[in-house]
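These notes are about the structure you will find just below.
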Amino acid sequence: MLRPGDAPHGSPLSFVGAMVFIQAMLLVVYFTCVEYDDELFSSEGDDHVSRLYPHFQDVHIMILVGFGFLMTFLKRYGYSSVGLTFMTAAVTIQWYVVCDGLMTQIFDHAATGKSFEPIKISMETPIFGDFCTAAVLISFGALLGKVSPLQLLLIAFLETVFFCINENIAKHLGVVDIGGSLIVHLFGAYFGLAASKVLTSESMVASALNAASYRSDLFAMIGTLFLWCYWPSFNSILAGETARERTILNTVLAISASCAATFTMSSLLHYLEDMEKHKVKRTTRRCPSLAPSDFKKFDASKFQIELNEAASPDPKALTLEAPDTPASPDPLIGKLTKKKRTKLGGFSMVDIQNATLAGGVAVGAVANMVIGPGGAILIGMMSGMLSVGGFVHIQPWLQSKLGLHDTCGVHNLHGLPAVLSGILSIVYSWLASTTDAHGAQYSYRREEVLCDVFSHRCEHHLDAGDQALIQFEYMLISLMMALLGGSITGIIARQVANIDTEENDAFNDDQFWQVAEGTTYGETHALKELLLHDKLGKSTSNSKLSNAV
């Protein structure tokens with residue numbers, strides 16, 4: 001286990017020093033370079049508050065409660081999942097205001113020669129700060145349990161810089177991405193995957209604590225439900241007046257359809273997976289020539305329940321086998337064909353916690369477009385199926401073939417649905433018009449409705465094909481920016497002392513938190529050893545161990 005004297009960079013004092021430095025720097029910058037926007041001194045400020053603040057509250061709850069509890073599925077990492085989410089959000093929002101203000105002025109100066117001025121903040125500023133925080137926390141999901149608080153602080157600091165660059169590229173290109181599928185989800189997912197590839201070791205992945213428990217999975221569902229309920233606010237908070245209601249409706253329909261598709265695909269794919277794994281073959285039960293008198297002669301005591309570990313890796317799989325006897329007076333023995341009962345399929349909590357939300361990601365880039373109610377349902381269904389397929393097939397393949405470990409499966413919830421959303425944004429941007437040329441269901445009917453969604457297209461007099469090309473170009477830019485930024489950040493973070501995995505510090509709250517007595521991983525295993533060595537009664541050992549865990 002890391003100790004202050006053994007690893008100076010991993011000691012609590014290193015984290016304290018880094019946090020003090022960041023906060024001191026932010027304090028100086030806020031005092032000297034940050035000012036209120038002029039609209040805060042006019043009547044427009046009240047309009048912005050009444051229009052934006054309720055949605056901002058929803059998004060804030062998503063960030064802290066939704067993301068925080070969604071990551072509590074690890075059985076010994078609940079404190080860190082919620083606590084470090086809280087810390088990361090608080091620091092990222094402050095740093096984003098400064099970083100984005102500076103980056104915006106750099107881009108404006110390069111484009112128009114505009115001179116630098118103090119950073120202005122308004123009601124929209126913390127909203128964009130929450131978007132940046134969401135990207136950072138998505139990346140944290142890929143690294144969950146494998147980085148120290150100091151490393152996470154460094155990653156959040158550097159990722160915010162890359163995020164601001166990527167975001168300003170989107171603004172200057174005129175990208176349409178109302179729900180942040182390309183700017184937030186695509187970027188955050190692949191940034192985290194690139195960093196995870198650099199920072200993850202084999203010993204971390206092999207840790208016994210890299211697993212969930214019944215209670216931890218239940219806590220994670222709290223995060224899922226909060227995210228599911230508030231996702232329409234996330235997608236619609238920045239939508240224009242003519243598009244906000246459409247954005248909310250499209251998101252509700254898509255995320256509902258993804259939930260239904262997830263339950264269906266989870267049960268189906270795990271059933272097929274178990275069929276393949278156990279190589280179960282349907283057999284016909286034969287009951288030849290059984291007379292009523294045979295049932296009366298049946299002696300149940302001649303059957304015994306045995307564990308059949310050879311037939312199944314699950315020690316709880318039970319079979320009924322008759323004892324080896326040379327001859328039995330019971331005529332029913334030998335006439336019944338015994339069949340092993342094996343559980344096949346079932347819902348996976350990993351799928352339900354994550355893939356049910358995929359519709360919110362997939363519809364994000366097109367949520368304010370005229371996609372039609374049927375289109376929203378179809379997008380949700382496709383994203384749910386794609387996400388479950390990612391958890392069942394793609395993620396294990398990436399880990400076994402590429403050594404890419406993704407703790408929370410952010411590639412399946414955020415990465416793949418975001419790619420789908422990017423492709424859909426290309427298609428629907430090309431279809432967008434005020435006529436019925438591509439069907440009445442895709443018509444925006446009035447020019448102001450079209451321009452409320454495609455403001456850059458109208459301002460620069462572009463056609464539908466130009467906007468579709470912009471969407472395609474930016475999807476590639478965001479992906480490359482994420483992979484490059486994540487790799488660079490991972491290399492830098494690797495220079496900071498990492499968690500010592502030899503003593504179960506990965507995925508373990510004991511390393512960085514004061515955990516309540518009797519609940520630590522080490523104490524639980526010490527109790528187990530004590531019970532075994534003292535040769536306590538079987539029932540006593542099991543009950544005490546159960547209470548300790």
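Residue numbers in this text run from 1 along the chain shown.
Glycine too: its Cβ is placed from the backbone N, Cα and C atoms.
Just so you know, TrEMBL annotations never went through curation; they're auto-generated.
Per TrEMBL, the feature transmembrane segment maps to 12-32, 52-74, 86-107, 152-170, 182-200, 212-231, 344-371, 377-398, 410-431, 474-493. Per TrEMBL, domain 'Ammonium transporter AmtB-like' is recorded for 21-268, 341-499.
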Stretch contact, the transmembrane segment (182-200) with the transmembrane segment (474-493), Cβ-Cβ under 8 Å, 3+ pairs: yes
Cβ pairs under 8 Å between the transmembrane segment (152-170) and the transmembrane segment (474-493), at least three: yes
Mean of pLDDT values spanning the domain 'Ammonium transporter AmtB-like' (341-499): 92
Contacting positions for the transmembrane segment (86-107) when only residues 6+ beyond its ends and CB under 8 Å are counted: 19, 22, 26, 29-30, 33-34, 63-64, 68, 114, 116-117, 119-121, 125-126, 128-130, 132-133, 136-137, 140, 149, 152-153, 156-157, 160-161, 163-165, 167-168, 171-172
Tertiary contacts of the transmembrane segment (52-74), as residues 6+ beyond its ends and Cβ separation under 8 Å: 81-82, 85-86, 89, 123-124, 126-127, 130, 133-134, 137, 140-141, 144-145, 209-212, 216-217, 219-220, 222-224, 226-227, 230-231, 233-234, 236-237, 349-350, 353-354, 407-408, 507
